[in-house]
């Protein structure tokens, strides 16, 4: 040891440092030069900031003069020393060589200083030189410290003239080290987009960088304000920003490159740093044990006679070494976890999220493509899963899980994957130290660990299998809950709450079964974690003492226990990291598989100079690739030869389910072109992003329309969760005149005037604040306002009433805003649109059987097969006047609305409230908590008893050794002493008995500790399973019975998050977090008590340190809590944007808005990454401060032991130090566990919040008869309802009397309260005042809700289907037979009688054979999520068939056939008349033809009854509202004849 501190070695250290610095600096120079050349040749992948905040004072003037002065002075001192040594005779060669090394080293430092003067800060190269100088000065400081120590101690008699140069050199080096350590690199950067300060990582000084001091301002801000705002957070450094990550990850996007390889290449520098730090820290983990062993050996030597002066000097060296290496370890571990958490995790998570989103905007929508028909049953679940994988149809929930779960799992694994390398290294170093201590005895102990590996392996496999099964069970349960929430209206309408609740309970039972298995594996892991090192210790001590006959001393015992505890982590982390690696690989495979799913065809850039061509040439289109051999190629349309005229209106029509939507999607490139050609100007999907992307602020009116631009209106309106205005603008600048004209053209003026906040009304998730017609018109307005010269519209007229449809046709489809634009309209309203139609396309059974202009088709006689009757739509003068009057009225409103009033400028009402935070409460019985706390305290008591017993054992052997030495000396003077019994065998037996005694007691303590320590987790697991089950069941029951308004104002994602993430947290995180929280705080408190018991005076500094730690911890808790809150808050918009994109990707691609949405995704990713990254950095901030305080208390405790050496033996010192060395880590983890537990308990609070929500009012006082309602008589008396207490009345005193079996049509303008009336009959809305509805004389407000809703039938406006099969949707609880279901399909015209089908097939030729198989013939035909593999009309017909099966006396239809063709509608109405002849029917309809032959018409206007008479009476009353509606519909004559026929039929009866 002394040789390593000789002058030659010390000078060599400095010379080696200079040589290494020179080599590394040359490599750095080459690297910087290469980067500079790359930046000059091509645009760099990563864009860095250049603008700085000049308001921050900064100066580099003092640094270089100080460094120059100090270095020159030391060079001169080295020259003088070299000259003195060389001129002195008889000097040893080592001394000469040492001075030469010293001189050369300082000359190198001088050269660096001189070069640095050319690169003053903020030069990046200047900082690199400064870092090299800092490292050189640090080594020189340690060398000079050694000389300074020698001058003060070993040369105490030397004159001050000889000592002064060493003191001055140490002072100069200290100053230069301080200067290079604390100088920052320059002013903070400002980002180019927001001009806000960037996180100061790239400008922090070396000291601030390693201590994370640049976060102190943020921590103080959070602590001072109590909360953080977005403006308080700095901007991410460039390497963490979404734009740079997008391009960095895209560099290696190749077909042959796996996702894992791309992750590695994109993060290679951070991975290399992790590897290097992992290897270094693996050895340094044993430094505290090494120095503790040296200190205990020193104490033992002192008690054996070592001189105090020598012992004190050695002790001080040990103490300084302990502090220095502990602090070094803290710095390196902090950097290791900085790269792991703040760099790797943040970057990988953002990269994966952006990459998954990029794939989403390019991926073909596979929901419809998965509508294949299974020809044979397949009961094997595994085959089903393989079939699903092969189809590649990832559901919306599965895709969202890729971001919410899989990317998170991969990024979390990236934080500690290095344990695969670190653990074996740590094992090797630990075994080496153990061999030095125990010799071969350590291998016997390690053999116990090896024996436990098979158990560990078995448990790992069991745990991995349990986790896989648990994840599958959770996915199924969450998907089930998602479908329930999506279809909650349907479930409530049919009173299926209890049935679906039972189904969820079954899924939850499977979930809990696998959760229990995972808990069992966790308990076994805990047993091995606690038991392995203890059993290893017993085995090693047994072999060391009993077999080898060694004496167990305190240095050996306490050091061995410390090393065994460290080895415990190394051994146990290997199987754990393997499990996590397997799970991460599963997630990587899932994302990789998703990234490999089919994409839409690459689109060439549009040449705006080429003429627009729209159509097909010999095309066959479908949702799947053409079958290469006999098999299913999905739904297709064959032999398309169509050329749509430019700047004209074209109409596509056909029966429900014929393929009209497929035709539009094929133009957009959203389907598979199996053969032929499709011509359409499709906008390429964006694959580039910028950090300064902005939209055009103003566009000239003459340049507004772009001939090659496209707009698309989907059949199911897609709207964003934003205001109505933002949805219409869709990223375009606001032009007031065009905007107001658009509102008028789409008949939105009166609707917006009726809304409290006008066009600033927040639409909400899925547009729940608007009616179906309003949603369709807002989506249409988006296309009308757009710059598109080509507008594709899919059945936009079906959701509006006849008057509104006529208005849209006159003022929108053929109005001034659409003139000169190419319009392709899918519709059933052919007669309405025929006048302005240039081309008519009719789709029938997979072919375009009729194509041509209306005149051509009329002349050939083919138009008659399309129209209901061959008749020109001539409008008489009165009808025209009515339409013009209505239009002028609307225009007047539009004009009045063009200037917003002051009242309208108030803040719009917030529909979706921010997520609130509730307060939780403890669950569990008194006995449970007493048992649990007792076990926790007992386990800690056994820990202390273990150390105490080792102290007693070691002290006894030490005292025996001293007594033996004294006894031997006494033998030489008095051999005749009566106290002496010379018997070796008896002495040996006595010593052996003592060892056996100590070993036995120690084994009993260890065994009890293992059992009790394991019981801690077993008990909490049992309690948490029970609590979680109870919480889940209660929350499920409350949610299913919540008012409908709750689901309208609460996003589905938020509700689903309670059942998914929050329940998962309660299941998986809270048990461990809560137990570890108690364990760590009890350890902290008990450590203070034990230390105070051993050295009472040291309890005071322990308490002071604890208080300082708590003060720092409180600051950390405030900051961490706020950052986690902001992380959670910013995560919701990220997922909302992603979910919106998935649902509306077809519309987004059609509009060419993929780049804007991709930019928005990157912005939201950055917004989420900022608090997410800062959470990890703040953890490092507090850990380095706790590490510093821990280092101080360890060093001080070592000095205290040295100062109390005469009253402490080695055993007591070892017992004392074993608690001190762990105290800092215990304190740090106690604070960390508190913050983690606080965040985990937020999940409990959110669940409890849902358990306290309002419920539907259900206070029944009447039990209706079993056959109620038997007649169907309905009495409505003064019905007044509102959607919420703070909203206006929707229905304002409705009075109506409906006779049994009567057919009532309910009509009125959009928003008049038609659907609200149906909701009121089902008691989804609470009545106001004396409102009353009776059915067969029974007040429905007194009837149980389940009885009411189960005895009525409704066919809702929005058809809801669940994933599964046709059978599972028609009879979800197996209540109907297959024959009944097929019969219902036949009644609603979904299938045809086999006889008629066969007859038709015999007549038709091969050319007329159906191209596509009817999926409704097979009840095993799959239905995708939401029923998206069926058309809107088919979904409506399925819901109608489901209603026919139910067969109740009262049937309510809310726009049940709005999306089906007129012929099918007629057939259905005939079916309703025949099948439901004895039923009371209330039918809400926009198509007046649907209800014109009903018994009476209820006309609503502004929530009141305007008219309630027979159709014949109303249509003959020129003053009636219904008469005006018929006139405005453009179909007055046909309506009049239908009403007349109904009247004559009634008269004849």
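Start at 1 and count along the chain as shown; that gives each residue its number.
Glycine residues also receive a Cβ, built from the backbone N, Cα and C atoms like all the rest.
Residues or ranges marked as compositional bias 'Acidic residues' in TrEMBL: 868-882.
Annotated compositional bias 'Polar residues' per TrEMBL: 892-901, in sequence order.
The feature domain 'ABC transmembrane type-1' is assigned by TrEMBL to 275-583 (among others).
Taken from TrEMBL, the feature domain 'ABC transporter' applies to 621-870 (among others).
Taken from TrEMBL, the feature domain 'ABC transmembrane type-1' covers 960-1239 (among others).
Taken as a whole, the domain 'ABC transporter' (1274-1527) shows an average pLDDT of 80 in this prediction. The domain 'ABC transporter' annotation in TrEMBL covers 1274-1527 (among others).
The annotation region 'Disordered' is assigned in TrEMBL to 374-398 (among others).
Per TrEMBL, region 'Disordered' is recorded for 868-911 (among others).
Packing against the transmembrane segment (6-27) from elsewhere in the chain are residues 94-95, 97-99, 101-102, 104-105, 108-109, 112, 128-129, 132, 135-136, 139-140, 142-143, 146-147: each is 6 or more residues past its ends and has a CB under 8 Å from a CB in it. Annotation comment: TrEMBL describes 6-27 (among others) as transmembrane segment.
Annotation source TrEMBL lists transmembrane segment at 67-89 (among others). Long-range contacts of the transmembrane segment (67-89) within the same chain: residues 95-96, 99-100, 102-103, 106-107, 109-110, 113-114, 116-117, 133, 165, 169, 172-173, 175-176, 179-180, each at least 6 residues beyond the stretch ends and with a Cβ under 8 Å from a Cβ of the stretch.
Summarising the annotation, TrEMBL assigns transmembrane segment to 95-115 (among others). Remote same-chain partners of the transmembrane segment (95-115), defined as residues 6 or more beyond its termini with a Cβ less than 8 Å from a stretch Cβ, comprise 7-8, 10-12, 14-15, 17-18, 21-22, 64, 67-68, 71-72, 74-75, 78-79, 81-82, 85-86, 129, 132-133, 136-137, 140.
The transmembrane segment feature in TrEMBL is assigned to 127-148 (among others).
TrEMBL lists 311-339 (among others) with the feature transmembrane segment.
Tertiary neighbourhood of the transmembrane segment (523-544): same-chain residues 434, 438-442, 444-449, 452, 455-456, 459, 463, 550, 552, 556-557, 560-561, 564-565, 567-568, 571-572, 576, 946, 999, 1002-1003, 1006, 1009-1010, 1013-1014, 1017-1018, 1021, selected by CB-CB distance under 8 Å and a gap of 6+ residues from either end. Under the heading transmembrane segment, TrEMBL lists 523-544 (among others).
Per TrEMBL, the feature transmembrane segment maps to 922-942 (among others). Beyond its flanks by at least six residues, the transmembrane segment (922-942) meets 1005, 1008-1009, 1012-1013, 1015-1016, 1019-1020, 1023, 1027, 1030-1031, 1075, 1078-1079, 1082-1083, 1086 of its own chain at Cβ-Cβ distances under 8 Å.
As annotated by TrEMBL, transmembrane segment applies to 1001-1025 (among others).
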(message) So if I exclude everything within five residues of the ends of the transmembrane segment (1211-1231), which remaining residues of that chain have a CB under 8 angstroms from its CBs? That is, six or more out.
(response) 288, 292, 295-296, 299, 554-555, 557-559, 561-562, 947-948, 950-952, 954-955, 958, 1076-1077, 1080-1081, 1083-1084, 1087, 1090-1091, 1094-1095, 1102, 1105-1106, 1109-1110, 1113, 1116-1117, 1182-1183, 1186-1187, 1189-1191, 1193-1194, 1197-1198, 1201
(message) What residues elsewhere in the chain lie close to the transmembrane segment (1077-1095), defined as a C-beta under 8 angstroms and at least 6 residues from its ends?
(response) 933, 936-937, 939-940, 943-944, 1016, 1102-1103, 1106, 1200, 1204, 1208, 1212, 1215-1216, 1219-1220, 1222-1223, 1226-1227, 1229-1230, 1233-1234, 1236-1237
(request) Compare 127-148, 1001-1025, 1101-1118, 1186-1205 by their Cβ pairs under 8 Å to the transmembrane segment (311-339) and return the stretch that comes out on top. (result) 1186-1205
